[in-house]
């Protein structure tokens, strides 16, 4: 393991345009579980068990807003979570001028809380919420303190989290920014993701000019064979050792 850590240190030292692509594994170390590991919910009224994927779909939000928000508040918002060693190390790399962008599948805002500035949030953020009718902004606290379905204080419309639900497209501007950053990178570090969620996982295909592809994940991924360095360990532990 020490050999791999030293190799990663060497790669970082010789890189000037690093991009980090991260998934749920980055945030699990801050106590935020991957929502896909959540149990499905049984709806007694309908006599149906919904999967986590169904519960955070656009059609479920439209048809059963109350049930959507019950699940959303219980399983997707973690207001007491703090950045871990991975978030802090990445913010330091940006401060050093090495890291140029973070592309994340997470919606918790922990990268920004750690100090990272150039973050492309592919799936949005729980910290931003907007009225579906008049587009008034509301913060995470408003959602958590709302009883039942959050309603706009100005017009009474439903306040929807600015997160990309299943059946919804990703934001074009975010995608363009992420592709631009990845395609220009000299080193791409992929961490805390098994690369199975599309279209997000497909973005790594835009990395074809760089010198170093690094994969840090507890389990193996489909991209391991293409990588110059694979470390099967905790992302926080690895990055914490690299940026000490």
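Glycine is no exception: its Cβ is also placed from the backbone N, Cα and C atoms.
Source: prediction; values computed, not measured.
Copied over from Swiss-Prot:
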type	residues	note
ACT_SITE	123	active site, proton acceptor
BINDING	24, 28, 35, 36, 105, 107, 108, 123, 193, 194, 217, 235	NAD(+) binding site
BINDING	35, 107, 108	nicotinamide binding site
BINDING	131, 134, 152, 155	Zn(2+) binding site
DOMAIN	1-244	domain 'Deacetylase sirtuin-type'
If I take the alpha carbons of residue 105 (NAD(+) binding site) and residue 123 (active site, proton acceptor), what is the distance between them in whole Å?
6
Which whole-number value in Å describes the distance between the Cα atoms of residue 107 (nicotinamide binding site) and residue 152 (Zn(2+) binding site)?
22
What other residues of the same chain, not counting 131, 134, 152, 155, have a CB atom within 8 A of the CB centroid of the Zn(2+) site?
132, 133, 135, 136, 153, 154, 156, 157, 159
Give me the CA-CA distance between residue 24 (NAD(+) binding site) and the residue listed as 'active site, proton acceptor', in Å, as a whole number.
11
Residue among binding-site residues 24, 107, 131, 152, 155 with least C-beta crowding, 10 angstrom cut-off:
155
State the Cα to Cα distance, in Å, between residue 152 (Zn(2+) binding site) and residue 193 (NAD(+) binding site), rounded to an integer.
35
